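The structure appears below as structure tokens.
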Amino acid sequence: MPHLDPYFKQVDELTEKFIQRLREAVAIPSISSEDERRPDVVKMGHWLADQIKALGGTVELRELGKQPAPHEHLDLPPCLLARYGDDPKKKTVLLYGHYDVQPAQKSDGWATDPFTLTIDDKGRMYGRGSTDDKGPVLGWLNAIEAHQKAGVEVPVNLVMCFEGMEENGSEGLDDVIRAEAKKFFKDTDVVCISDNYWLGTEKPCLTYGVRGCNYYSIEISGPGQDLHSGVYGGMTHEPMTDLIRMMDSLVNPDGKILIEGIDDLVAPLTETEAALYPPIAFTMDDLHESLGAEVAIFDNKVDSLKRKMRYPSLSLHGIEGAFYTPGAKTVIPAKVIGKFSIRTVPNMEIDEVTKLVEKHINAEFAKLKSKNTMKFHIVHCGKWWVEDPNHANYTAAAKAVERVYKVKPDMTREGGSIPVTLTFQEELGKNVLLLPMGSSTDAAHSINEKLDKRNYIEGTKLLGAYLHYVAGELKDA
């Protein structure tokens with residue numbers, strides 16, 4: 001595809017303009033989880049809409065109504081539905097991304113102002129949302145502009161779905177997708193999402209699966225109010241003692257889930273899938289660096305990757321109602337709530353997992369013979385997703401990676417959850433590709449979030465190249 005060369009050249013020439021575009025986006029503190037920042041989220045949606053319109057796209061800012069309780073006083077930010085190109089002879093690619101960000105303030109430990117894009121001498125661009133997900137979203141807009149300036153036709157129609165609530169539960173998004181599956185999205189041939197990361201720092205990857213997440217809590221209550229341990233210690237069943245015993249029964253120090261029957265739900269590892277792990281560009285040093293200490297359960301790459309990508313895990317997250325501030329307080333909490341989640345994989349269905357978890361919780365509490373009261377709660381559940389990595393959508397992306405980065409991409413599954421992948425797959429019945437721009441060291445959701453300039457600019461080249469290869473692969477499929 002020699003016509004990609006002028007496109008690549010134009011991306012390089014527009015580098016400073018593209019960085020300025022990201023600078024403007026980062027400056028809008030579009031934090032969806034903070035009430036006082038909701039106007040900024042809306043502002044960000046309108047700013048993004050104006051950017052697309054300036055490139056010749058058509059945009060609808062779909063209003064989603066009020067946010068569910070307990071935030072019903074807030075209007076949900078609009079879902080941005082846009083289109084670039086409407087040629088019936090071309091294939092259509094649906095692009096998804098989000099324009100909201102995680103909370104951030106300098107006092108959290110940021111080295112720079114989180115809402116001022118700051119570039120260091122190594123080309124690391126620091127700023128909240130730089131990699132999650134403003135940089136990748138703008139990568140698509142950059143690709144359109146570079147095509148225009150290079151005089152190269154965009155080879156597919158683009159349909160865009162950009163939301164402003166991804167970091168706060170994607171409220172309202174599933175309803176939009178269902179409502180528009182046979183309307184606005186009806187011409188979609190494939191879906192591409194750039195909202196995840198390379199496994200390491202040097203080699204791109206294509207992601208064909210994510211784990212699901214079943215989140216639960218155990219509530220144990222006893223006395224009518226908090227008690228003084230000197231006065232009542234030894235005289236009453238203590239909720240905290242019961243809860244610690246309960247949570248200890250869920251998982252062992254090596255990460256093995258202790259709930260009977262869970263392992264039986266997991267799809268067996270095939271030889272074909274097993275062969276994907278050894279070639280992946282990832283080292284134990286990479287893992288230790290990202291952990292910040294040598295505390296990995298396994299001492300080899302393959303077992304570590306399998307545990308992250310294709311086996312379930314159970315994590316204990318916290319205890320609500322317990323004393324946690326510095327100092328000593330001799331209190332017996334009257335009620336405590338323990339929180340934990342299970343990251344699920346094929347073929348772990350939500351209801352089957354929940355049934356096993358609840359059975360285990362009830363049995364373990366009965367063993368305690370406690371006079372306290374126990375309640376089991378389902379907080380939220382999201383299903384795992386896995387896609388066919390041999391589909392034309394993936395072979396096209398692999399060719400684009402080879403063209404831009406001169407290497408074959410790793411084929412990976414994410415340990416985290418991206419629920420919208422499953423919604424698009426189920427509602428549209430189309431192949432969904434995760435095509436990341438950022439790298440494993442970008443610190444999304446953490447302090448000092450960044451996107452490397454190289455990943456942003458070469459990533460823009462990759463997104464544009466993918467559109468050309470997918471047009472060809474789908475035509476030949």
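FYI, residue positions are counted from 1 along the chain as it appears here.
In case you wondered, yes, glycine gets a Cβ from its N, Cα and C as well.
Values in this document were obtained by computation on a predicted structure and should not be read as measured data.
In TrEMBL this protein carries:
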ACT_SITE  Asp100  active site
ACT_SITE  Glu166  active site, proton acceptor
BINDING   His98, Asp132, Asp195  Mn(2+) 2 binding site
BINDING   Asp132, Glu167, His445  Mn(2+) 1 binding site
BINDING   Asp195, His228, Thr330, Arg343, Ser417, His445  substrate binding site
DOMAIN    217-366  domain 'Peptidase M20 dimerisation'
SITE      His228  site 'Important for catalytic activity'
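By the criterion of other Cβ atoms within 10 Å of the residue's own Cβ, the least surrounded of the binding-site residues His98, His228, Arg343, His445 is His228. Taking the Cα atom of each, the residue listed as 'active site' and His228 (substrate binding site) are about 45 angstrom apart. Cβ-based neighbour count (10 Å, all protein chains) for the residue listed as 'active site' stands at 27.
In sequence order, Tyr96, Gly97, His98, Asp132, Asp133, Pro136, Glu166, Ile418, Leu434, Pro436 are the residues near Asp195 (Mn(2+) 2 binding site), counting only same-chain partners six or more apart with C-beta under 8 A. You'll find the Cα of His445 (Mn(2+) 1 binding site) roughly 14 Å from the Cα of Ser417 (substrate binding site).
For the pair Thr330 (substrate binding site) and Glu167 (Mn(2+) 1 binding site), the Cα-Cα distance reads 37 Å. Taking the centroid of the Cβ atoms of His98, Asp132, Asp195 as the Mn(2+) 2 site, the other same-chain residues with Cβ within 8 Å of it are Gly97, Asp133, Pro136, Val137, Glu166, Glu167, Ala444. Comparing Cα positions, Glu167 (Mn(2+) 1 binding site) lies closest to Ser417 out of the binding-site residues His228, Arg343, Ser417. The Cβ of Ser417 (substrate binding site) lies under 8 Å from the Cβ of Val210, Arg211, Gly212, Cys213, Arg343, Gly382, Trp384, each of these being in the same chain and 6 or more residues away along the sequence. Note: the Mn(2+) 1 site is recorded as Asp132, Glu167, His445; in the same chain, Val101, Gln102, Gly129, Asp133, Glu166, Ala444, Glu449 also have Cβ atoms within 8 Å of that site's Cβ centroid. Around the Cβ of Asp132 (Mn(2+) 2 binding site), the number of neighbouring Cβ atoms within 10 Å comes to 26. Taking DSSP states H, G and I as helix and E and B as strand, the domain 'Peptidase M20 dimerisation' (217-366) has 55 helix, 29 strand, 66 coil. The average pLDDT for the domain 'Peptidase M20 dimerisation' (217-366) in the predicted structure is 96. Take the recorded positions Glu166, Glu167: by the count of other Cβ atoms within 10 Å of each Cβ, the lowest one is Glu167.
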